[in-house]
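> According to TrEMBL:
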DOMAIN    20-245  domain 'MacB-like periplasmic core'
DOMAIN    295-410  domain 'ABC3 transporter permease C-terminal'
DOMAIN    446-605  domain 'MacB-like periplasmic core'
DOMAIN    679-791  domain 'ABC3 transporter permease C-terminal'
TRANSMEM  21-41  transmembrane segment
TRANSMEM  289-308  transmembrane segment
TRANSMEM  339-364  transmembrane segment
TRANSMEM  384-407  transmembrane segment
TRANSMEM  433-453  transmembrane segment
TRANSMEM  675-699  transmembrane segment
TRANSMEM  730-751  transmembrane segment
TRANSMEM  757-780  transmembrane segment
Amino acid sequence: MLKSYIKIAVRTLSKNRLTSFINIFGLGLSMSVGLMIMIRLQDQLSYDNFHPHPDRTYRVTSGYAKKNAETWKMASTPLPLYDELLKESSFVEEAVNIYPAFNGKATAAGKELYLNGAFTEPSFFKVFGFQLSSGNEQTALQMPNSVVINKSTALKYFGATNPIGQVVSMENGDDFVISGVLEDIPGKSHINYDAFASFSSVANLEKNKILPGKSADWFAFNTAYTYVLLKENAHLSSLSQNLRSVSNELNKINKAGATSFGIQRIDKITPGTDGLSNDIGNGSSWTKLYFEIGVALLILLAACFNYTNLTIARALTRAKEVGIRKIVGARRRQVFTQYIVESVLLAFAALSFAWLILSFIIHYAPFNDDYEFIPSTAHYNATLVYWSAGFAVFTGLIAGASPAWILSSFKPLRVLKNLSTAKILGKVSLQKALIVFQYSLSLIIIIFLFAFYRQFSFMAKASPGFRKDNVMVMPLQGVDEKIAAQKISTVSGVESVCAMSSQFGKHFQGMSMPVWIGNKKDALSLNYYYADEQFIPSMKIPFIAGNNFPSASNVNGEQYIILNEKAVHALGIRKIEDAPGQKLSINDSTKLQIAGVVKDFSYENAGKPVAPLAFRNKENAYNYLYVVTGPGKKDLISNHIKSEWKTFTPDQPFTYSWLNDDIDKNNSQAATVSLLGYLAIIAVAIATLGLLGVVVYSIEVKQKEVSIRKIIGASEQQLVRMLSKRFIKLLFIAGFIAMPIGYTAGFLLLQNFASRVSFGIFSLLLCFALLLSIGLFTIISQTYKAAGNNPVKNLRSE
């Protein structure tokens with residue numbers, strides 16, 4: 001029986017080529033979006049699945065609520081929590097801290113690189129699934145000043161030479177002996193560092209004031225990441241109860257706010273939770289994934305309505321077939337199954353087309369910038385094949401269920417009549433309702449995507465509040481910044497040279513620290529960059545109180561700090577002008593004087609709210625040079641700088657970028673904009689194809705009427721008006737329904753951005769005009785074609 005159904009379905013699809021093309025093309029476009037989301041979802045769900053006991057491994061998170069209702073939720077925890085958890089031997093098998101303070105310039109084998117690393121305990125290899133390709137996992141992190149590095153770092157420093165026993169010298173003067181090389185992980189992880197140093201090194205580093213004294217600080221919530229491996233058969237409630245006891249004890253000490261702790265299973269950390277700050281890893285959030293899945297389902301639904309609409313529009317041409325099948329004994333279930341098989345078969349044909357589109361998209365660069373919507377590691381596997389096959393069946397069922405149910409429900413005599421007279425919702429015909437619904441849905445999608453597009457365009461053009469044009473950003477790669485600045489400042493066309501710890505104007509790449517004025521219990525987590533005396537004036541960041549760092553103020557150690565407006569207000573200083581001169585504690589033994597306050601500026605992303613920020617001034621803390629050039633040919637100036645660079649560091653490659661390009665790329669989100677454009681094209685294409693199919697079949701049904709009217713004297717314009725007016729009316733009804741809904745969706749979307757574009761009636765009318773003009777062209781082109789046909793020829797064939 002199934003074989004017979006498939007034969008009939010193939011014959012029907014091949015016979016009705018226009019309808020089949022419209023359905024396959026529309027479903028294929030929408031399914032390509034679904035496949036993209038599947039690949040992305042599979043990638044995000046693959047994080048941290050390689051650990052030996054993911055069902056028993058948890059990360060502890062922390063929360064803090066001040067009495068003034070200000071709350072923080074952080075992925076990080078205080079360092080002492082690790083020792084407290086180890087005391088609970090009844091349910092804790094192992095615990096481990098990851099303290100990301102092992103970073104900075106490092107020298108090994110005569111090469112200087114920047115290391116992004118963390119301190120951790122020997123239990124690291126017991127809790128996690130990381131393995132060593134060289135070295136002993138039992139002892140690699142046992143001794144102070146030992147370090148394990150990943151393979152890529154080993155290759156950069158040592159090439160093919162075995163690095164075990166080699167020394168890595170950090171910029172703070174400490175030497176670490178390499179005790180192991182990490183094997184490439186068999187999956188993805190939110191724990192991603194170049195190196196892991198032994199935690200037993202921290203005590204001595206704190207003693208020498210190389211690291212701040214956080215080992216015993218219960219209120220340094222932004223310090224480390226604490227993980228727990230529970231014993232087999234241990235209850236999670238035991239861990240939760242223990243953490244509540246710890247937080248209760250802390251709340252007795254600090255009555256200015258309430259501390260709390262939470263837990264996350266390690267394989268559930270990614271996709272992440274919104275509102276959790278100070279997190280590590282580059283995974284997406286569930287909110288973003290749900291949004292992407294929702295958009296994909298809406299577009300798929302629009303394509304499914306195409307199929308439903310065209311199937312019902314063609315009901316008259318298949319009425320004889322259905323009627324005869326029922327008269328000769330076919331049951332409703334058999335007719336229903338026939339339509340479902342046809343729908344599923346068409347969905348599999350559309351799936352093949354969707355894979356073809358996807359193969360192009362995966363290699364299309366704008367979809368794979370820093371946002372990396374399509375993972376660079378995307379590949380086809382058995383799971384994806386199963387998912388896509390199930391997706392095709394699901395699509396076929398969704399698209400075919402409604403027409404199959406309706407057509408199979410009629411009596412043989414009724415099904416031979418025009419189905420377009422079947423009514424739903426009172427006096428509204430099913431066909432009209434579907435056209436209105438589909439166009440409304442498409443217009444809502446377009447309005448929503450247009451709001452997104454306008455926001456990203458606004459962000460791309462927004463002024464960040466500092467100088468971004470004609471600024472070259474150069475990684476120092478271990479070169480002394482004073483020598484580099486002195487040499488490069490002599491190049492023709494260079495106006496000034498300054499140094500900074502991180503790249504500026506991109507995703508925040510600085511550091512954070514607890515700071516306080518007066519009571520440590522009121523500490524604020526403050527983002528900061530290291531910058532030299534020339535940075536702020538060179539970048540034209542305006543002061544609103546106080547002054548810049550005094551010249552050579554860091555020779556005898558760090559003494560000053562500069563804050564933005566947000567930081568001043570967050571610290572409880574009421575008047576900006578009162579801030580300069582006040583002392584700010586950054587640890588128990590170090591206070592810095594506020595030298596000045598700069599105007600708030602966008603140091604991350606134009607759409608993000610400006611957070612409290614500080615500039616610190618410390619020798620040997622800079623990793624990038626910022627070279628301000630005069631107007632002129634960038635290529636010529638960069639070549640001159642390159643020539644000068646080679647005179648004092650011939651072994652290091654000359655690499656650079658222009659700050660305005662970095663910022664524009666960060667704000668414009670090329671991948672996101674490309675994706676939005678692709679989705680908008682799909683929405684328009686699906687709506688247009690659906691309307692085209694319905695118009696063509698409606699005109700076919702009215703061929704006899706058109707021919708008779710033309711013979712008795714009707715002009716082409718009158719015939720076009722007669723044929724198209726009901727469709728045009730439906731488009732306006734769809735616009736009336738969709739614009740308020742689309743505006744609400746766009747408005748809610750824009751509330752997620754601190755700086756946002758205006759979105760009003762003009763934007764709505766523009767979207768509607770676009771869809772209306774395409775719809776009118778589709779309708780009028782087909783009706784003119786029908787009105788111009790030879791009436792005698794049409795009547796002869798009737």
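Note that Cβ sites are derived from N, Cα and C of the backbone, with glycine treated the same way.
Whatever TrEMBL says is automated annotation, not expert-curated.
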> Looking at the stretches 21-41, 289-308, 339-364, 433-453, which one shares the most CB pairs under 8 Å with the transmembrane segment (384-407)?
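When the Cβ pairs under 8 Å are tallied, 339-364 comes out ahead.
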> Check for me, if you would, whether the transmembrane segment (21-41) reaches the transmembrane segment (433-453) - at least 3 Cβ pairs under 8 Å, residues 6 or more apart in sequence.
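They are not in contact.
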> Could you give the number of helix, strand and coil residues in the domain 'ABC3 transporter permease C-terminal' (679-791) as assigned by DSSP?
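Breakdown, helix to coil: 95 helix, 0 strand, 18 coil.
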> Determine which residues of the chain contact the transmembrane segment (433-453) at the Cβ level, with the cut-off under 8 Å and only residues 6 or more beyond its ends counted.
295, 298-299, 301-302, 305-306, 308-309, 312, 424-425, 672-673, 676-677, 679-680, 683-684, 686-687, 690-691, 694, 727, 730-731, 733-735, 737-739, 741-743, 745-747, 749-750, 759, 763-764, 766-768, 770-771, 775
> Across the domain 'ABC3 transporter permease C-terminal' (679-791), what does the mean pLDDT come to, as a whole number?
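The predicted confidence over the domain 'ABC3 transporter permease C-terminal' (679-791), as a mean pLDDT, is 81.
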